[in-house]
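Peer 1: Mind looking over this structure? Questions follow.
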Amino acid sequence: MLSQLRPAIVMVALFTLLLGVAYPLGITGIAQAAFPGQANGSLVRDADGQVVGSALIGQPFAEARYLHPRPSAAGDGYDASASSGSNLGPLNTDLADRVKTDADAIRAETGTQVIPADAVTTSASGLDPHVSPAYARLQAARVARARGVDVAAVQAVIDDHTDGALLGFIGQPRVNVLLTNRALDVRFPVGT
Amino acid sequence: MNIQGWAEIALTLGLAALIGWPIGLYMSRVWNGERTWLDPVMKPVEALFYRAAGVSPRQSQGWLSYAGALLTFNAAGFLLLYAILRLQAGLPLNPQGFEGVSPHLAFNTAVSFVTNTNWQSYGGETTMSTLTQMTGLTVQNFLSAATGATIAAALARAFVASRGEGVGNFWVDMTRTTLWVLLPLSAIFAVVLVGLGVTQTLQASAAATGLEGGSQTLSLFPTASQLAIKQLGINGGGIFNVNSAHPFENPTPLTNLLTAISINMLGWAAFFAFGRTVLARKDVRALAIAALVLLSLSGAAMYAIETQPAPALVAAGVDASANMEGKEVRFGVPASVVWAVQTTGASSGSVNSMHASYMPLGGALQMFLMQLGEILPGGIGSGIAIMVVMAVLSVFVAGLMVGRTPEYLGKKIEAREIQFAMIAVLVLPLAVLGFTAVAAILPAALAGLLNDGPHGLSEMLYAYTSAAGNNGSAFAGLTANSPWWNTTLGIAMLMGRFVPAIAVLAIAGSLVAKPKLAPSPGTLPTHGPLFIGLVIGVILILGGLQFFPALALGPIVEHFQVLDAVARL
């Protein structure tokens, strides 16, 4: 094995230069030139050019006038520098308690009996940017009330930001929470 | 369950095998040193590498020398990666200002990436600097995948030779697989992924102020370049803590489909490359069908399992038609379960949903797929190599039944081959069950559990299964960043990687010297449905049954608890 020492060391060194330096830097160069928006995190700006988040990353919303996202296990909730799921097993009592509390709160607010699963479950990443169309629809009345507009008008904005499954069967229909909320602020400003 | 879901699962599994086929034929040309259209670009680089390293590319090595080169190369890679991890605080390109990694975590991580396991006891965006991700982890993503491919290339030459001596040259197989297959595919794939939304920047993070005024720090990385080889190399180590569930690693259903396909694509390619190199396409096709049958049945089962009512949802009166805890809305159940089956069947370990939150039988199936030996279709080369071991054992079993000396692909299978085949197969239960048994009574090990009861046992069993199977996925409730877990999981990874690798090379060394026999009337045909059934039987009995008692105490008990809990509501 001693005779293999030189090739081993030289190969590791050369491949580190090729695969660990040239390759990622080359891809970074191409990416920054061809797709700067995506490469830097698909950032979303408001009318003043301020970065309000990423189109791909969920963030917490608690005010009544906004669509609320799913519960999150990333940090204190939607910590985009510490992604995490809950990792609770199906029989874990913490999970059962959390789901029950959240479901009861939604039931009290909306009076509905049928609560979509995504409304009370944490996502895998803790940064899920989407909710299901059913959960968005459930929140439309609250948002409309808070903004003093028609439910139908709010629902129209939600529909504008709903993506279907690719070719009808790849992925799931979904509503982007941040983009919907930004559009709501533009369409129905609340006096601040 | 709905028809769209079934279609998505079938499309994902089918496309991977379909695309793997032509790439496999190309990979075989690369192993054989035949002409390819990349020669004008890669030949000069190849020659430069050999000259600098002092390698004589025409020299064919005996199996011991080949194995020695493999081990030395991996040891050198380990040492460099260990050094980078320990020293990252003082190295450049550390915009996050991360500390050096602790000795036991650095040991675990370096072993993990060198062995193609990519188990992660850490959260990527909170531990690893940009330099570490690039020059440390990305590099081993490539080289560990290429190392796996060399095992299949050597074994293929052993079957095709008649009274030969060498099994090929490790340095050539490793270099050519990297330069001709892994690097160009990754480069193209990485650029496509950026276009679809994956990040690729040297900036550490972006700051945002949300609409409600809260601030958010978005971790960024040169994600796409590492993601491409993480998937294609069947490595599975995420740039971010939550791996391919993170929207920056997997933003849309389309990126999900492409990255899911790439979990299995090169594993299948290695099957077809082996078949072309050995001139035994029909026989290898039979092995591929056996693997695809098991994988498809698993996909269907997983879909059925994850649409069973979850007790927490039923108790709260929530729509329980999909177990959405630990799953992303854009993927839903079908895209999550097919990925879970692919990643555990193929030694990838990349995840797009949190396995710990699956229904108990879902977790059992994930473990079972890893315990079969990572052959559905497994890693690049390592999968087909162990699959051939299963085929060798199958002809041996059949030979015992009819009283003839078994042959496979024109080579007599004798005591030495069977001994090494058993070593390759039995190291997995030794590492998994041995370590789990010890951990189950050690307070230092139990301290890392998140869940108690049978789910806690599952967390431990899953961890050692994943490590020894070189998979790397986790029931992530387990806090594995402690001296006990990091050290023992590292040892399990080393056992699971190098014992089978050396055993397969020993088989190759033994087979290469034997004459190639023409099939006789007494030869068992190894390409028909009968043999496919036999191989499936051997895989299930050998790979699966040894673990059944352990699974019965963990996820299977938990399954009955779930049924009980739902029935009481």
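Cβ atoms here come from the backbone N, Cα and C positions, even for glycine.
So TrEMBL says this about it:
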TRANSMEM  B:6-27  transmembrane segment
TRANSMEM  B:63-85  transmembrane segment
TRANSMEM  B:142-160  transmembrane segment
TRANSMEM  B:180-198  transmembrane segment
TRANSMEM  B:254-274  transmembrane segment
TRANSMEM  B:286-305  transmembrane segment
TRANSMEM  B:375-402  transmembrane segment
TRANSMEM  B:423-450  transmembrane segment
TRANSMEM  B:489-509  transmembrane segment
TRANSMEM  B:530-553  transmembrane segment
Peer 1: So which of B:6-27, B:254-274, B:375-402, B:489-509, B:530-553 has the most C-beta pairs under 8 Å when paired with the transmembrane segment (B:423-450)?
Peer 2: B:489-509
Peer 1: Assess whether the transmembrane segment (B:254-274) lies in contact with the transmembrane segment (B:180-198), where contact requires at least three Cβ pairs under 8 Å among residues 6 or more apart in sequence.
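Peer 2: Yes, since the transmembrane segment (B:254-274) and the transmembrane segment (B:180-198) share at least 3 Cβ pairs closer than 8 Å, they count as touching.
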Peer 1: Please give the sequence-distant neighbours of the transmembrane segment (B:489-509): residues at least 6 beyond its ends with Cβ less than 8 Å from one of its Cβ atoms.
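Peer 2: Distal contacts: 62-64, 66-67, 70-71, 74, 107-108, 111-112, 115-117, 119, 121, 147, 151, 154-155, 157-158, 167, 382, 385-386, 388-389, 392, 416-417, 420-421, 423-425, 427-428, 430-432, 435, 463-464, 467-470, 480.
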Peer 1: Going through B:63-85, B:142-160, B:180-198 one by one, which has the most CB pairs that fall under 8 Å from the transmembrane segment (B:6-27)?
Peer 2: B:180-198
Peer 1: Would you kindly list the residues that approach the transmembrane segment (B:63-85) from elsewhere in its chain, counting only those six or more residues past its ends and only Cβ-Cβ distances under 8 Å?
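Peer 2: Counting only partners 6 or more residues beyond its ends, the transmembrane segment (B:63-85) has Cβ contacts under 8 Å with 91, 100-101, 105-107, 109-111, 113-115, 131-132, 135-137, 139-140, 143-144, 147, 150-151, 154, 166-171, 174, 498, 501-502, 505-506, 508-510, 512.
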